[in-house]
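Undergrad: As annotated in TrEMBL:
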{"type": "REPEAT", "residues": "187-221", "note": "repeat 'PPR'"}
{"type": "REPEAT", "residues": "222-256", "note": "repeat 'PPR'"}
{"type": "REPEAT", "residues": "327-361", "note": "repeat 'PPR'"}
{"type": "REPEAT", "residues": "572-606", "note": "repeat 'PPR'"}
{"type": "REPEAT", "residues": "607-641", "note": "repeat 'PPR'"}
{"type": "REPEAT", "residues": "642-672", "note": "repeat 'PPR'"}
{"type": "REPEAT", "residues": "784-818", "note": "repeat 'PPR'"}
{"type": "REPEAT", "residues": "819-853", "note": "repeat 'PPR'"}
{"type": "REPEAT", "residues": "854-889", "note": "repeat 'PPR'"}
{"type": "REPEAT", "residues": "960-994", "note": "repeat 'PPR'"}
{"type": "REPEAT", "residues": "995-1029", "note": "repeat 'PPR'"}
{"type": "REPEAT", "residues": "1031-1065", "note": "repeat 'PPR'"}
């Protein structure tokens, strides 16, 4: 909780450590700032009187001030608005250049009290990508990994784009190689995350390729990753691959859990392999991984689908007598499946059992019952069921009425269906397009085209225009959502209303089928197009071929290509390029070459893109020799190679270790196509790595000699970054020396900067300092302010304060004046190391060197005082700065002050300071509200906390996850669990997702209030979530509260769940179990747990012995 509620994380520019002694403070504080800023002595205890006098004076002054009196550098103001990801992003966007933004980004990253988010990191990555700063991007990505910041699809796509990887996430397997070459080293978490992103995008093949690479690099995928891969393969009905994954995970020492086995059962069941599914079930029992209610429900669904209804009933009976009782989903599955099989008696039986088990019928179950009654012809009872629903407070919804209308139309009770349809709006349900289409479909099948057209017109009068354009638009949205059932209902109703599907309609439907994995249906649809004399468009076929490749159905994609002749379609160059790219990704080199050679014979000559696609395929699959042969063929065919052609082949040669051949090819290239910067960045790293420094020098010297414009500094930084990544520091330095000493690189600093960064990145700060000396003193590279700041910042981060101080002094001696960032680096380091005297000396020195402290500087000092417990002194400094009139406070100014006052129990003063923020143009943000709400909550003032929350919403400040978590926590601590639960639900309804901490707060609150059923319901919600999982705190809380309630058996089951979740219990887990058994009068069990604890290597604490019962 301390981490959750730490206010200092709200202020990105505040980095002074908690240890802030004030030795000699009174002597130092009298002259804190000179040269434009004068501060009075910081008087302890004088805050209240001074504030009253100050506010009285300043309120008058504020009114008379012009807006220009408050004008400060917008950048300085923005630099402090980093208490939330949105504000940090705004600051980054406001900075004039990428270097400034990256410097600010690093300052936030180096601040232990501030946490970067996916949003801020992705923004920084995009900015760096635009400037081509790959090494800095690698730093951001590495930071995301170290800080466990979520890497989403945009993270990887931005990196891919920078590395010239086209094709989106699908190119991940290829992109990983380039990422590694450019310094992006993925850890296990990143691999797991990338696999999940690919699977989410339905790129199962690519996900498997990434998985294979992950294994080869020695990483072990998580259980969740294996489960997700199995789900993805299962959707493709790839049973062998699923079962192979099951074996592979076991060879890696991962024990399948109940969820893993359940996926296997689902896959086997959907494929009709019921015996094999039962075999998995038996294996679960044999291995002590007993099936749970989800497992049994999945098995029941598979049995019903295979029409083995009696077996499904046997499984249900086993559930009833066992410990895994049927839940709501089980009953919905049984009711729906037996309804589909028109077994009304069984539906009634399951309904009765459902009510006995305490599951209250809802609109979903009632609608299934209505459907079953309709299928059985019991329409009177179906209508009566609507009345029963209303009596029980369940309102029939649109699906309920549509189900009943469909049932009536199936038995040609048109008048009853129309009467129900006419009454829908008066019953509070508005018909939709589907409702109309049901009638249109009925009229069409009945041959009543007049009524069908009348219904069509009625739809238009109601604002629903079911023309082909509208239907195509509907199909597009349904395809996008993967709602194939509704899409089919609309699509197959088109003919009955006099509309003919066009190519767009079919294409939308095929996309829909592809999205849900029903590619076979998409292929059938193509045949239907031909049968209905709807000429297929070559674009549609190309799309389908591409879809088949995406689904890893290469042979079928090839067959589809062969069918184009039957459909009287001529393949275009796009068709061939799509096939070549697909074959290349699968490593099918021979097929790709044969396809390419057949293009001319079929009257479709390849273009440059075709050749480049083929070269890319060949070079990535170690067939660069064949690519060279094809290059000659390309020129013989009159197809002109471009720079991409040559760059691709150079890449293939370098990848193959053929450095000299690549150099020779490069020289041949210059006769036809002039190399670009990408060419050099592809070629030179390998040349330098081979130790051919002189050759590398000559290549770049010749390039620059023939180049009209000198390359920008960014080129040198990118080139050196690539050389360092490929050739290592020693060869790179040798190459750099050659460039600098001969004046090839006119700005030696652009070479020095990446070298220093590389040294810091690889944990060699001393080496960075040595290289700095070498370049500046031996090679004569004049260091500039950015280089000094980079080196000083890196040395301080490595805790080499003395070396940084020496460099700082050297910097001033050489005439390079430090800027505010330089001073802030050192001030931050002094604060963290407790060097308060040095901090104040440096603080004064800034003014003497005409370097005016900025808002970050002042905030660092104020925050440090607050952390050290000197809140009054921090307030004195704040009032002095405000009184001087040249300081505009930001949220990061107020955050530490309000937090310090709140934690000191001075809530009235904290609230007063909060209320005065607007007087100085600083609107309280979410972070400030969170601090104050937390302060009132921790003081037991829950009403005041709730009042602040309502005010926050009213003023248009959107609460975040922390807001709700703080509020839930304070209400639960006050015993107001119902209100806490209300805000927890509001959190979810607002579109935010509760994290594990928020779940733990409400679960613990419910547990302490003995509302264990509600607590367990939320616990199950966590388990069923794909986003979060219960952690050890969750389990410990449940075990403790179940034990206190005397429910020790349930507590024991929760303990077993810890083992299944792959977590390791701690001393608090055992203490909770011991307490439960002791309170329940089971001393033997309590001592058994104690024995297990000790033998398991856990050290008992005082709490353990306090819970143990006395032996008789």
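Each Cβ is built from the backbone N, Cα and C atoms, and glycine gets one as well.
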Undergrad: Mind checking which residues reach the repeat 'PPR' (1031-1065)? Cβ under 8 Å, same chain, six or more beyond either end.
TA: 223, 257-258, 289, 996, 999-1000, 1003-1004, 1007-1008, 1010, 1012, 1015-1016, 1019, 1022, 1072-1073, 1075-1077, 1079-1080, 1082, 1085, 1098
Undergrad: By DSSP, what is the split of the repeat 'PPR' (995-1029) into helix, strand and coil residues?
TA: 26 helix, 0 strand, 9 coil
Undergrad: Within the same chain, where does the repeat 'PPR' (960-994) have neighbours whose Cβ lies under 8 angstroms from its own Cβ atoms, ignoring anything closer than 6 residues to its ends? I mean 6 or more beyond.
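TA: That would be 1, 4-5, 84, 926, 929-930, 933-934, 936-938, 940, 942, 945-946, 949, 952, 1001-1002, 1004-1006, 1008-1009, 1011, 1014, 1027-1028.
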Undergrad: Using DSSP, what's the helix, strand and coil tally for the repeat 'PPR' (572-606)?
TA: 26 helix, 0 strand, 9 coil
Undergrad: Between 0 and 100, where does the mean pLDDT of the repeat 'PPR' (995-1029) sit?
TA: 89
Undergrad: How does the repeat 'PPR' (1031-1065) divide up by DSSP, counting helix, then strand, then coil residues?
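TA: Helix, strand and coil residues of the repeat 'PPR' (1031-1065) number 26 helix, 0 strand, 9 coil.
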